[in-house]
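Read the structure below first, then the notes.
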Amino acid sequence: MVLSASSFKHNWQTLKDNPLGEIAGSLGDLGTLLPLMTALAAGKSISLTATLIFSGLFNVYSGAFFGIPIVVSDPFWCFCVSPEVVQPMKAVASIALARQLSLKETMAAGIGVGAVVMLLSIVGMIKKAADLIPLPIVKGIQVGAGLSLCLNAGSMLSGLGLNGSKWDDNLFWAIGAFSILYGFSRLPKFPFALLVFLLGGIFAAVEVATSGGSLPALGFWWPFNPTIPTPAEFATGFGTAGVGQISLTILNSVIAVRYLSEDLMPTRPAPSVTALGISVGLMNLTGCWFGAMPVCHGSGGLAAQHRFGARSGTSVIILGLVKIGAGLAFGESLASLLQRFPKSLLGIMVFAAGIELASVAENLNSSAKDLLCPSSAALRIEQSRSAVHAPLRVLTDREKRERFLNMMVTAAMMLASKNTFVGFLAGVFFWALLRLQDRMETLAEARASYAPLNEASALLGR
């Protein structure tokens, strides 16, 4: 309750100080929201109405409780590039599309993953794991996820051309969006995401109207239609699309989000991995029974919202209210409009989110959390609010290089294997090899220090 009260004050003050930034930031996750969600709705693997309403409710709760823009991410990233690299729940969606899983089988995957993650959070196993994972490996996961988003953006843009045959979605618009995005990068309050949303919405509506499609129809859409998987459907859905995503959910949607929130917003209390894990579990154990898409807290979503101006939970609340309203008023009739949103604009937004996420590696060897001296850890928040700097451990050149290599081995193996867990294992193995060498050097030094004593003893013995 203390966290909620503090979050409410922070949300309200930030909205008063930076209303345009919170509104624009609420749309920052747009590039990762639309493609796969609409594809799953078209394939009847989810209910678009339930997905909009339940994820909207979860967004409102997340923004109000945590007080930072931890967005509820639907599993729609990685439309073209390996989903496992970026967000595990989005991997569920991609597997559902590839294997043509039914609505109930897709829901079973979300329910199973949510139950396991929630149980591990309650018993404290995720917290213990988070405390043991070296920070360079965590940052490697974040860098890998960020670079994977950039690859996703490239895939979205690769089908576009410069010939202008499609007036509303071509590389000219992508180049223009890129130019505006980084041409105004020194103006943090420039509402890029808001402009993209308005322009893309107009383009999509014109495309639907001129192609003879159906524009959204105003009405009332009821989301509470029970979707209960049978044991056979649960076995198929959870076994095919769920089991393999448990470790990825813990790494990407819980541990990485906690560390990312500390990096991006050091003046705010970071949510605990236990709270994040329980939240992921509750969301999937609620919405999936009604056909809503499995969801998680995405580090990429947090990076996207932050990049486009969000600095509090207000942006997530705004996004949630828009989703709820759209779901109740337009429901399934929104599918045609959402499918027409220009990929040229979405791709640039995804690219910007990826760069923002990967940029957290910048402080690995300068001001990372694990460099704080134990006695100064409590000064972390005060350090960000004032000119007071907590003492940092000084690294040798070799330590700097090895920490950087550990991070890059993790990120590179994620991309090479197209699997977050493989990248994590590679990073841990690399770290273990370094510690083994440290141990061998310590033993060698100990032997060297005893050598003169041994020689003296030998002489006395003579």
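Cβ from N, Cα, C; glycine included.
Quick look at what TrEMBL lists:
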type	residues	note
TRANSMEM	52-72	transmembrane segment
TRANSMEM	107-126	transmembrane segment
TRANSMEM	138-158	transmembrane segment
TRANSMEM	170-187	transmembrane segment
TRANSMEM	194-222	transmembrane segment
TRANSMEM	242-261	transmembrane segment
TRANSMEM	273-292	transmembrane segment
TRANSMEM	312-331	transmembrane segment
TRANSMEM	343-361	transmembrane segment
TRANSMEM	411-434	transmembrane segment
Original post:
Counting Cβ pairs under 8 Å that sit 6 or more residues apart, are there three or more between the transmembrane segment (52-72) and the transmembrane segment (273-292)?
Top reply: yes
Original post:
With pairs 6 or more apart in sequence, are the transmembrane segment (138-158) and the transmembrane segment (312-331) linked by at least 3 Cβ pairs under 8 Å?
Top reply: no
**OP:** Compare 242-261, 273-292, 312-331 by their Cβ pairs under 8 Å to the transmembrane segment (194-222) and return the stretch that comes out on top.
**Re:** 312-331
Subject >> Spatial neighbours of the transmembrane segment (170-187) far in sequence, C-beta under 8 Å, 6+ residues away >> reply: 157, 160-164, 195-196, 342, 344-345, 347-349, 351-352
Original post:
Mind checking which residues reach the transmembrane segment (242-261)? Cβ under 8 Å, same chain, six or more beyond either end.
Top reply: 68, 70, 73, 84, 86-89, 91-92, 108-110, 112-113, 116-117, 120-121, 126, 129-130, 133, 135, 138-139, 141-142, 145, 268, 270-273, 276-277, 280, 296-299, 302-303, 357, 360, 369, 419-421, 424
**OP:** With a Cβ cut-off under 8 Å, give me the same-chain residues at least six positions beyond the ends of the transmembrane segment (343-361) that come close to it.
**Re:** 28-32, 34-35, 77, 139, 142-143, 145-150, 152-154, 156-157, 159-160, 169-174, 177-178, 181, 193, 196, 199-200, 259-260, 263-264, 299-301, 303-304, 306-308, 407
Subject >> Non-local residues, at least 6 beyond the ends, that sit with Cβ under 8 Å of the transmembrane segment (107-126) >> reply: 88-89, 92, 95-96, 101, 227, 229, 233-238, 240-243, 245-246, 249-250, 254-255, 273-274, 276-278, 280-285, 287-289, 291, 293-295
Subject >> Cβ contacts under 8 Å made by the transmembrane segment (312-331) with residues that lie 6+ beyond its boundaries >> reply: 7, 10-15, 22-23, 25-29, 48-53, 55-72, 216-221, 223, 305
